[in-house]
Structure formats: C-alpha cells, structure tokens
Amino acid sequence: MPSPSPEASSSMSQPGPPSRSPSPASSNPDAPEASHNKTFADLGISPELCRACASMGFKKPSDIQAEAIPHALEGKDIIGLAQTGSGKTAAFSLPILQTLWENPQPFFALVLAPTRELAYQISQQVTSLGSGIGVRTAVLVGGMDMMSQSIALSKRPHIIVATPGRLMDHLENTKGFSLKSLKYLVMDEADRLLDLDFGPIIDKILKVIPKERNTYLFSATMTTKVAKLQRASLNKPVRVEVSSKYSTVSTLLQHYLLLPLKNKDAYLLYLANELSSSSMMIFTRTVADSQRLSIILRRLGFPAIPLHGQMTQSLRLASLNKFKSGGRSILVATDVASRGLDIPLVDLVINYDMPTNSKDYVHRVGRTARAGRSGKSITLVTQYDVEILQRIESHIGKKMTSFDVDKEAVALLTDTVAKANREAALEMRESGTGGGGGKRGRDKGKRKTFGDGDDRDRDDDVVEAGVPRKKNKFTPGGKKKARK
C-alpha cells in the first residue's frame, strides 16, 4: 500500500497493513435484504473498511453496493438507479474512502445532496466509515454561518458534503478555496437535485472542477433531466440498476381514507388519537400546513413537531433529532423529510395531502416498514383526489385498502378542531409565520410569509445561489434578496 503524501500523513492515520479480517457479523439496518451471499471483502473492500462496516452493523452488501462497488474500485464512472433506503451512501463512500486511504489528499471528493438534512446524514456516515483512517469531512449547507464553514474549509478536509447553492457561494466568495484537485464527484438523489432547480448551479460547479475525475450519479429514476446531466458529467459510465420501477415493500400495509375536504383536520385528529401509541410522520404539501397542524396537535395534547424548509437549520436539526430520539412521537413534515433521511422505527406515515405523483408517494411511505420491519401508511383522499389515488395504485401495482373510522367520533371532534385551528392561526400571526382563519386565511398567510405563491417546500440554498423561485412574478419593493 503506498505511503501517504507528507501533507496528508500528519492528519490521516495510516496503520500498517493488517491481515485479512473476518467477515462482518451483524446486519445492515437500512438497506433491503440482499439477493446474494457476497461479503464486503469479496467486493475488494480493505480489511480496515470491512471492520468499519461491521461496527456500523453492515453484515453484507446491499444489492446496489454489490453491483456498484467493484466497478467503482476499477475506476469507472457509475450511474446508479436505486430507491431511497437501498444503501447508496455506502455504495459510493467505500470506494472513495479506499482510494483516499491509498493516496490521501485534501479536497479529494465532493458529494452534492439536495437537502441539508441529507447532507449532514451523508457526512455522519462517511465519517463513521472512515473513522479508522482519520478522514476529515466538512458540511456546506445554507442556513448556517458562512464564516464557520470557511474555517472548516481552511482545515483542508478530505471530503466535502454540500448542497449546491452554498457550495457555489463558497467557491465564489471564500478566499483560497477551490476544487482544482478534486478526484471524485458524487451527485446523490440526482432527480431530486434537478427537481429543486439546482441544474444551473450544478452546471457552474462542473465548469470549475477537473474534467479528469471519477463521477458517481445516483438517482431513484432516470428522468430526462437526469439523462441530460449524465451525458454532461459522466465519462462512459457503467449503469447499475437495482430497481427500474417504483414499488413499496411487502411489509407495508397501505390504506386510504376517503373523506370530505372540509373535515380533513378532524379526521387527522381522530387518527392521531386512535393511533397515539405509534411513532408517526404526517406529510403536508405546504410549509404553512406543516406549521399549522403541528400547533393544532400540540394544543390538543399530542407531542408534535414541524419540519420544513423555511425553518432555520438549527431548528430543523433540533426537530429531526427530537423525533429520532423519541422526544416527540409526531413529525409534521413537508417533502423535505421524504427522501434519504435515516429515521428509524417510524410506525405510521399519514399523507395529510395527496402527493402529486407516484414517486413522491413511494418516498413518503418508505419512511416506515424499513429493513424488513412492518409499517402502515394512511393516505387522506378528498373528493378531488380520487384520480390521483388511482394513478398511484396503478403505478405501484397495488391496491390500497380502505381504513375504517368511526364517523360519529370524527363528527364529535369538529368543534374542538375548529377552536384549535383558530388558536393556531392567531399564534402564527403573532409569531410572524402567517396564517388566518380557514383556508382563505391560511392561503393569505402563506403568501405573506413564504412569499411567492409556490407552495412547494424548496430548500433555501436554491435562492441563496441566485436561482429564481418558480412563479415568482412579484417581489415586494422590487429588490433582489441578498445571499446569506
């Protein structure tokens, strides 16, 4: 094994070559059951990293890991198609760490992620896998102090995990920072990156990094945009496809609940009460409803907490950690939380709002029934959502079953919910988070607070990097918001 360069040897541990270690002996908790009997050592992973896999509970490679790692170790570009929860992070991290171990240098690899939470999660897993070789990582995301991130960059990390917007800010504004020596580029959740309008920023990033590099692109689907990005950024890639169709696992019980739109909140309260022993995630389409419903549930005695892209980064991480640790059993979230995040032991997913496509549905309900465990999902379906429900059922190849409720019990909750809704609207107005009584008031609050009439929860890094918001036809005062 080659010796490290003088610059890196002082910061990256380099023990002598050990003997072959035994195969890891515990289970890989977040990847689906593999369809092979290979070990990480069989794939060519070094004993040091095999031990790291074992310490993290990875018994054997997942299918995406078994398919991608050998090609990556041969130095090939890879496009990997696999669903969330398939073990993609280790699939690209292990080959990078192994090559880094053999030739340590700063700014060795860059991983682009669509959301801040996913960026932190990737960094944590990379750090854990590379703990035995002293890997240094830095996370660059919006909502956090630029100066502290600049200090982290001055320590010359081996691997950077970033959202595209904040990375571009540092490339343009942080003195002495460049990626001219970069050896690896990873784009994780590429379809989500492009859905969030990061395409123009990624184009800029591709222009300032070396053309001679290894590139890994991982995506749940091969969309037209992803195919275009592949052609622009990868060189003769090997295509690794674990699943070509969106599907849900057999251990997930999928239900729908047909209800009138006007009573939606009462039905949600009924479910929260009847299933109160469950750890649950409630998905909303808008930031305002995530905030509003969490307030309503808290006022009625339920341990709920919101998670959406308009919260500060510290609040987002605090919400996520409280839910993961069991401090709160209900997380009311937008689609910021639907992909990639490792949230163990979610018993129930409730779709308060219908996802607009099958892809988002699969990602949402994929937060439960992970790693062979059972789980349940309930999708609230109003009279306006029936066609969307049928499309989703057709796409996933499964029929959902109707969830039975006591309609008389629901009716008894309407006055309680209406009062809590008024109190939530008042709290949101007083705290400056928008709101007003009823749907019209809530819509008005959303326009006032969240600005652009676009009710998708888009990560702030898009705006920070200068990409205009969709449907943003009017900005009060006509002034462009400065980057953070």
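Here the Cβ of each residue, glycine as well, is placed from N, Cα and C on the backbone.
Sequence-distant contacts (6 or more apart, same chain, Cβ under 8 Å) of K88 (ATP binding site) comprise I64, G80, A82, D188, F218. Swiss-Prot lists A82, Q83, T84, G85, S86, G87, K88, T89 with the feature ATP binding site.
Swiss-Prot lists 1-14 (among others) with the feature compositional bias 'Low complexity'.
Sequence annotations record features per position, and here Swiss-Prot assigns compositional bias 'Low complexity' to 22-34 (among others).
The compositional bias 'Basic residues' annotation in Swiss-Prot covers 439-448 (among others).
Residues or ranges marked as compositional bias 'Basic residues' by Swiss-Prot: 468-484 (among others).
Summarising the annotation, Swiss-Prot assigns motif 'Q motif' to 38-66 and lists a curator's inference as the type of evidence.
The motif 'DEAD box' annotation in Swiss-Prot covers 188-191. If you look at the motif 'DEAD box' (188-191), the same-chain residues 6 or more away from its ends with a CB under 8 A from one of its CBs are 84, 88-89, 92, 111-114, 118, 122, 217-221, 223, 225-226, 229, 339-340, 359.
Classification of K88 (ATP binding site) by DSSP places it within a helix. Cβ-based neighbour count (10 Å, all protein chains) for Q83 (ATP binding site) stands at 23. When pLDDT values are averaged over the motif 'Q motif' (38-66), the model yields 95.
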